[in-house]
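As recorded in TrEMBL, the features of this protein are as follows:
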type     : residues    : note
SIGNAL   : 1-27        : signal peptide
DISULFID : Cys25-Cys37 : disulfide bond
DISULFID : Cys44-Cys59 : disulfide bond
DOMAIN   : 66-187      : domain 'SRCR'
DOMAIN   : 145-366     : domain 'Peptidase S1'
Amino acid sequence: KLRGVCVFVTIMHLISFSPVGLKSCSGKFQCLSSVQCISRNAVCDGVEDCGDGEDELNCVRVSGRSSVLQVFSRGSWRTVCSEGWDSHLGSVACRQLGYSSYVNSTEVPISSIEAVYRNNLVSTQIQFVCCGVECGSRPGVRSRIVGGNVSRSELVPWQVSLHYQNQHLCGGSIISEHWILTAAHCTGSVMVQTGLCLLDDNQPLSGSGALSVEKIIYHANYRPGEFSYNIALVKLKLPLSFNVAPICLPSYGESFEDGQMCLISGWGATEDGGEASVSLHTAQIPLRSSRDCRRLGLTSWNICAGFSQGGAGTCQGDSGGPLACQGSGWTLVGAASWAESCGQKNKPGIYTSISEALTWIQQQMEHLKTNIID
C-alpha cells in the first residue's frame, strides 16, 4: 500500500552564472537575456520582444480570496469577464499558468469579490479557472512533529522525501503532477538525477515506481547560509500517476491571518540532534506576525511560525517541507527554510514565503511548459 513518496539524488557539480552588465530600465521592462529595455506596454502583447520571449511570460494570474482570473495588458492587470468563455480559453489560461491540463472553470458574481477587482468591469460575472489536477484535498489532521503523533501519509498527500544515498535528506511538496517544490539548500549547486520510490511505515522501498527528473531549478538570488530566496523546483520527466495529490499554491494577494493554525509535516528528527524519523509526522502550529519575523532580521521572503512558548516545530530533516494552511482547500504558504529550531522557546521556524515566490514559481513552470503540456 502506498505510504508516501521519496526522491533519490545523484549529485554532480554544476557551475552557475549570474547576469552581468545589467543597465537601468527605470519605468521600463528589462530583458535579462539580452540586457535591453522595452516599453511596459509591449509586455504580454503577443509579440516576443526579448530574445527568449520572457516578456510574454507571467501574463496570466489567479488573484485574491476569490481566485479571479486576470491577464496583464497595456501595463496593468485586468480581470477576465465570463462572456464567451469556453474550455479552449481555459486550456490556454492553464498553459500560460504553467500547468499541463485544464480541469474546469466557474462564473463568479462580481458582488462576491473584493472591491479592488470590480473596477472598470463591463460584466456581472467574472471567471475563475481550475488548472492541473484538483489540489489541497485530504481527509483530516493530526498534531505535532516534535512531541507529536505519528501521521498517516494520506493526511498530507502532497508530502515528498528527498533522499541521497538511500538516506532521507529533506522534505518537499507536490504542486502539480510534474513539479515538486523544496528548499534551495536541499539541492545546492547540483545537477540531480532522481527516482521516486514508495515508503511504507518503516523504510523506503528502493526502486519502486522509479521516475526520472528532467530538471532542478533553484532561485538565482539564493546564497548558501541565507534565508531569502531559499526555494527550488524539481521538474519530473513523467507525471506522477499514483495516489499522491498536489497542494494548492496561494493566489496573488491572498493573505493568511497572524495566529492561524497551519500544518507542518516531515520525516525529520523528533528531538533536537536526533535521527530522522522512519515515520511521517505532522504538527499544527500558528503563523507568527511579520513583525516577529523582522525582529530576527528576515526579509519579506520569509515567514515565521511556531509557538512562542515552544513545543511543536520543524527539526533537522524537515527542511524544504510544507507549511500548509487551510482555506477552501489546503494551500502551501511556506517551505521550511531553517528547520533547526525544533520547537524551542522563542525560536520560531523560518519558512520561505510562497506568496513572495509566486511570480518566480509561475515563470519557471511556464518557461518549461512546452515540455509538460499533454
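Backbone N, Cα and C define each Cβ position, glycine as well.
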Rounded to a whole number, how many Å is the Cα of Cys44 (disulfide bond) away from the Cα of Cys25 (disulfide bond)? 17
Between Cys59 (disulfide bond) and Cys37 (disulfide bond), what C-alpha distance do you get in Å? 18
Among the disulfide-bonded residues listed here, Cys25, Cys37, Cys59, which has the most company in the form of other Cβ atoms within 10 Å of its Cβ? Cys59
Grab the pLDDT values for the domain 'Peptidase S1' (145-366) and give me their mean, rounded. 79
Is Cys59 (disulfide bond) helix, strand or coil when read with DSSP? coil
Relative to the Cβ position of Cys44 (disulfide bond), how many further Cβ atoms are located within 10 Å? 21
Can you tell me the three-state DSSP label for Cys44 (disulfide bond)? coil
